[in-house]
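Participant: Dropping the structure in here first, questions after.
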């Protein structure tokens, strides 16, 4: 089902499939639609409760995004990279994150089901990539939740007046003879949040709103009180001989790359798509408004703190508290510590909320045991998945110091961001033209004499059945009637009555999308690897630039597929500036992935190899698409309409 090759397999009418090996990796599933409810009920899957609206989504997005890191990050980045231009670094990073947010917004409104990036990539790219993304996101949310929980106890200790003031059952302790520091407080908090998530999505979001509101209030205190001090003292941090860009524009951009990770978290909004009352309207608004609010808060805090103290005098560990202490407000440290604790609590809830839904989505598709797909009838949440993921995160938080593994958390998110951008390009230019027929209809509708196709080529042939020749027999450029409205293919060809037929247009688009991915990888690798000889770096970088520009030109000149208008749910958000915006998004996220370091990739590779083994042993053989028969979208709609008539 890949976007370059045939999407079919040799399938008989009896539903037996020979889709093995590579073809199993590129099979794609259908968008959940009006037909999904019947299929869900027939397979025993209960739907999640639709309880969420825009305010709830903003609470999820802001809570999952704004962690305690901002209370430390401003000092580190200002001292080492940006200087007084820290707010501009946050702005540029926010714009870069917004590129991914635009892509998420379109796919979330078109495909509003649990699973987020895993779900989108399964529909647009294929089962193999979807599995890797889902497996990487499992690692991200587990490690992310554990790391956040381990960070709460030190901040609680500050509120109590020191580590020795914490109650003994909450304080960190070292196991004798093992040199392992256990953190009971972290494990207890993870279990409490897990129990809260099991109560229901409405109760969970109510708690999220409370702690997120407390965190925002702490940040507003920093902004308002800091502004008062700044106007009173004359903003000494901006009156420096080094100017606004002490490290130059390069330093400011390096600061943007660092603070970009402060925006990771808005994708948690997309993971709750199935629980949103009006996903076409609310999901894009929730994603956009939460990201905008986070960016505004980050920038205002940066402007204030950098102005109170010269950037080179900032305390890298407690920049905000020390800035207020410089002006005689030592008590402000308690407000800042309270904000850090509430920020960590909201981030913990935001980290543990999406993982059960990822597990549930993968289980629904047969890639994981059906145990994870169970939805509690009373609370309408995946309780079993929530308990398993919560216990796993609690064990890690109790026994392991996961700070050394923090870089692994970013791999899943950045990989998902890049793949979602690729999925937008696929949706616009080469959306799936065939869908899997539910197994319950394999035999029932054989007497209908509706053609059942086994490959994309057969589908294309059926579409041109009434024409004199098939697409495959036509020349690359076919003569057309110039009086007919012609898609955007370039004015030169259009004036002469030539147009790309649909099959060849899809091939061009597929190769252009592949060129985008390869070009981004080559350019970012060569540009960041200083150990390569200069002529190799320039050659590889030039090749990457050529592939990216070629892909951009090709995708800009050919028309987008008309089927995009009816793909999934219609009437939702549409990503602007396609293909430029997704291509830039792919380039940015590939650059950040490459820069994570060899050590991080070595550790992540171990986890991905385990995932490949699990997929080969279990997922591939139990996939719901294993024996799927693929039909054209046109005939699938006829079959579904007939099915509804029969049921009525």
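Positions of Cβ are set from backbone N, Cα and C atoms, glycine also.
Below are the features I grabbed from TrEMBL:
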| type | residues | note |
| --- | --- | --- |
| DOMAIN | 573-623 | domain 'Cationic amino acid transporter C-terminal' |
| TRANSMEM | 57-78 | transmembrane segment |
| TRANSMEM | 84-105 | transmembrane segment |
| TRANSMEM | 117-138 | transmembrane segment |
| TRANSMEM | 213-231 | transmembrane segment |
| TRANSMEM | 285-311 | transmembrane segment |
| TRANSMEM | 331-353 | transmembrane segment |
| TRANSMEM | 381-399 | transmembrane segment |
| TRANSMEM | 405-427 | transmembrane segment |
| TRANSMEM | 508-526 | transmembrane segment |
| TRANSMEM | 538-558 | transmembrane segment |
| TRANSMEM | 570-594 | transmembrane segment |
| TRANSMEM | 600-618 | transmembrane segment |
Participant: Please identify the stretch among 331-353, 381-399, 405-427, 538-558 with the greatest number of Cβ pairs below 8 Å relative to the transmembrane segment (84-105).
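Facilitator: It is 405-427 that shares the most Cβ pairs under 8 Å with the transmembrane segment (84-105).
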Participant: Might you confirm whether the transmembrane segment (600-618) is in contact with the transmembrane segment (117-138), defined here as three or more C-beta pairs under 8 A between residues 6 or more apart in sequence?
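Facilitator: Yes, the stretches contact each other.
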Participant: How many helix, strand and coil residues does the domain 'Cationic amino acid transporter C-terminal' (573-623) contain under DSSP?
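Facilitator: Grouping H, G, I as helix and E, B as strand yields 40 helix, 0 strand, 11 coil.
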Participant: Please identify the stretch among 57-78, 213-231, 538-558 with the greatest number of Cβ pairs below 8 Å relative to the transmembrane segment (331-353).
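Facilitator: Highest pair count goes to 57-78.
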Participant: Any idea what the model's mean pLDDT is for the domain 'Cationic amino acid transporter C-terminal' (573-623)?
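Facilitator: Mean model confidence (pLDDT) across the domain 'Cationic amino acid transporter C-terminal' (573-623) is 93.
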Participant: Same chain only, please: residues at least 6 beyond the ends of the transmembrane segment (405-427) with a C-beta under 8 Å from a C-beta of the stretch. Say none if there are none.
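Facilitator: Non-local partners: 3, 99-100, 103-104, 106-107, 110, 116-118, 120-121, 123-125, 129, 132-133, 136-141, 143-144, 147, 261, 264, 267, 509, 513, 516-517, 555, 564, 567, 575, 578-579, 582-583, 585-586, 589-590, 592-593, 596-597, 599-601, 603-604, 607.
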